[in-house]
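Peer 1: Attaching a single structure in structure tokens format; questions to follow.
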Amino acid sequence: MAITHYQMASFQSSFHFCMLRKTLRQKSSLHFAKRCEATNKIFQTHGSVAIYQKTLWTHDLIDGLETDFLINRKEKVNELEVNVARMFMDYENGDISNLELLELIDNIERLGLGHRFQTNMKRVLDKIATVNENSLGLKEEEEEEEEEEDNLHALSLKFRILRQSGYRVSQDFQRKFKESRGGLTGGLKELLSIYEASYLSLEGEPDLHEAKLFATEKLLKLTGHENEAMKDHVNHALDIPLYRRMLRLEARWYIDAYGKRKDANKQLLELAILDFNIVQSAHKRDLQEVSKWWEKTGLVRKLDFIRDRLMECFFWSVGMVFEPQYYTCRVELTKIATLITTIDDIYDVYGSLNELKVFTHAVKRWDINAVENMPEYLQLGFLALYNTINEMGYETLSAQGINIIPNLARVWGELLEAFLVEAEWTHNNYMPTFKDYLDNAWRSVSGMVLLTHGYFLMNQDVKDDAIESLENFHDLFKWSSMLFRLYNDLAALADEIDKDKSPNAISCYMYEHSVSEEVAREHVKTLIDKAWMKMIEARIACSEHMTDPLIDMAINLARVSSCMYQYGDGIKDPEARTKDRVMSIIIKPFDTSEIP
């Protein structure tokens, strides 16, 4: 029954893709109109008019990127990988301490090499997690030799790595953490370890909050230190804590920083540099593939009011899932992100309220016949969405025998319902309560759409009860989406926070509580910290049911949100920092001339 149903959907998808191309040709000279409900006037939007700045990354530029870095490097990479893997065997043979192992794992993850050593790391972390925590994870013969500062560093590092890996850290462990704080001396390694560990706290752990305040205060005093290396590390940590950083950006920065260390492991560093370039080359190939798709849709040429943000959307998908083996997930998530951006622009800046209602209901019903009642620009948007999702569904059905289209269509319908609520608020000049706003806004930010598609794209063994399985991870996805929303709203410029414009978290809080913008922003920052705690708890709860790549994808959504909205809206108005970040992780490779 499911196969018969999908064959019909697949046929419709093929037919209506042809319809989309025909419509694009017919509408080559189309001028779009935006209705102003208040005055009943029609404003013409011509192709020469652009609401948003043009893309910095053209299709021709992307198509010309070099992608052949791996040639003649496989043998060297394999040799280095084997040598690094031996370090884990050294630990299991008793040749290195727990502290040395934890520092190795920390370096591997920060250098972007975690995807190569997942099995090795899980095996030894399982062992460490079962060690009597009263020993602080140190071998008995080492305890007398380790200085207090090193013990505190080891304690913090162990806590952070175990918790970020999904292990439950006992209350007894935290009690020892509290007792050890009395021996804090303020050394940089110790302070940084305490600081980074404190950002893995859960609700009801005030001792870690106090440790965060202490370490932050001490680190702030070192920001003007004459030692440039020390100052760089301190400023980097205070900018965004490690657990909240986008993984590829951290890898790029840490490879440079690690290379300046006198104690750097040369083989580990060489592997990190080669691996970064190899992964980057894979990303370039993915980007070229999705760029051809985006060019083929013709949406940018025909809908002159939308943002052309393919590169930024690809950057976003790399932030969510960078590992080379998940190339299909990365490419398809980029398509989803560009469609979300396109449809968001339709709801935000172009469509009339009545037209948006028609579009929303059509998507909720997944009804291709509804296009007959739409204006041309909505037909283009609907058909692009319909064909793309049906094609994804076809690939999953072909490979695994499961029809996921109803699941994907459902989350799209829910997203557009949330879009419509916001459009109605704006149309009616209505300012919702802060609670009502957030209840809708964590859905309208599109995190659930991205994560649901990612779930099916990454999951190689989709079952008939996939939708029920998704519900088990609702909290993880919800808090990741909430962080996405809060970071987005925090990026709003002062002149955008206006009661007469679309509500956001800051304007709603200001209006409801009669407070200043500064007070509202501080409240949102507090909610961000609480949401991270909620998400970490949800991550731990999911560890027993969900594979690590899926959990990581949800956490990475929050991380890339933190990055893209750090200096403003990096999607709406890409500026110099966004361009530099794209260059650093997608375009510009490391120099490997000194690696034999």
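Note: Cβ is positioned from N, Cα and C throughout, glycine not excepted.
The annotation transit peptide is assigned in Swiss-Prot to 1-35 on the grounds of sequence analysis. The feature (2E)-geranyl diphosphate binding site is assigned by Swiss-Prot to ARG307, ASP344, ASP348, ARG485, ASN488, with similarity to another entry given as support. Here Swiss-Prot flags ASP344, ASP348 as Mg(2+) 1 binding site, drawing on similarity to another entry. Taken from Swiss-Prot, the feature Mg(2+) 2 binding site covers ASP344, ASP348, and the record attributes it to similarity to another entry. What Swiss-Prot records for 344-348 is motif 'DDXXD motif', and it gives similarity to another entry as the kind of evidence. Among the features that Swiss-Prot reports, Mg(2+) 3 binding site is placed at ASN488, ALA492, GLU496, with the record citing similarity to another entry.
Any idea what these are sitting next to in the structure?
Peer 2: Residues within less than 8 Å, Cβ to Cβ, of ARG307 ((2E)-geranyl diphosphate binding site) and separated from it by at least 6 positions along the same chain comprise TYR52, THR341, THR342, ASP345, ILE571, LYS572.
In the shown protein chains, 21 other C-beta atoms lie within 10 A of the C-beta of ASP344 ((2E)-geranyl diphosphate binding site).
Taking Cβ-Cβ distances under 8 Å and a sequence gap of 6 or more within the same chain, the neighbours of ASP348 ((2E)-geranyl diphosphate binding site) are ALA423, SER502.
Averaged across the motif 'DDXXD motif' (344-348), pLDDT for the predicted model comes to 96.
Using a 10 Å Cβ-Cβ cutoff, ALA492 (Mg(2+) 3 binding site) registers 23 neighbours.
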Peer 1: Have a look around ARG485 ((2E)-geranyl diphosphate binding site) and count the other CB atoms within 10 A of its CB, chains all included.
Peer 2: 25
Peer 1: Which whole number of Å gives the largest C-alpha distance between any two of ARG307, ASP344, ASP348, ARG485, ASN488, the residues noted as binding (2E)-geranyl diphosphate?
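Peer 2: So the maximum pairwise Cα distance among the (2E)-geranyl diphosphate binders is 19 Å.
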Peer 1: Around the Cβ of ASN488 ((2E)-geranyl diphosphate binding site), how many other Cβ atoms lie within 10 Å? Please give the count over every shown protein chain.
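Peer 2: So the number of other Cβ atoms within 10 Å of ASN488 ((2E)-geranyl diphosphate binding site) is 21.
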Peer 1: What does the DSSP secondary structure composition of the motif 'DDXXD motif' (344-348) look like, as residue counts for helix, strand and coil?
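Peer 2: Output for the motif 'DDXXD motif' (344-348) reads 5 helix, 0 strand, 0 coil.
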Peer 1: For ALA492 (Mg(2+) 3 binding site) and ASP344 ((2E)-geranyl diphosphate binding site), determine the Cα separation and express it in whole Å.
Peer 2: 16
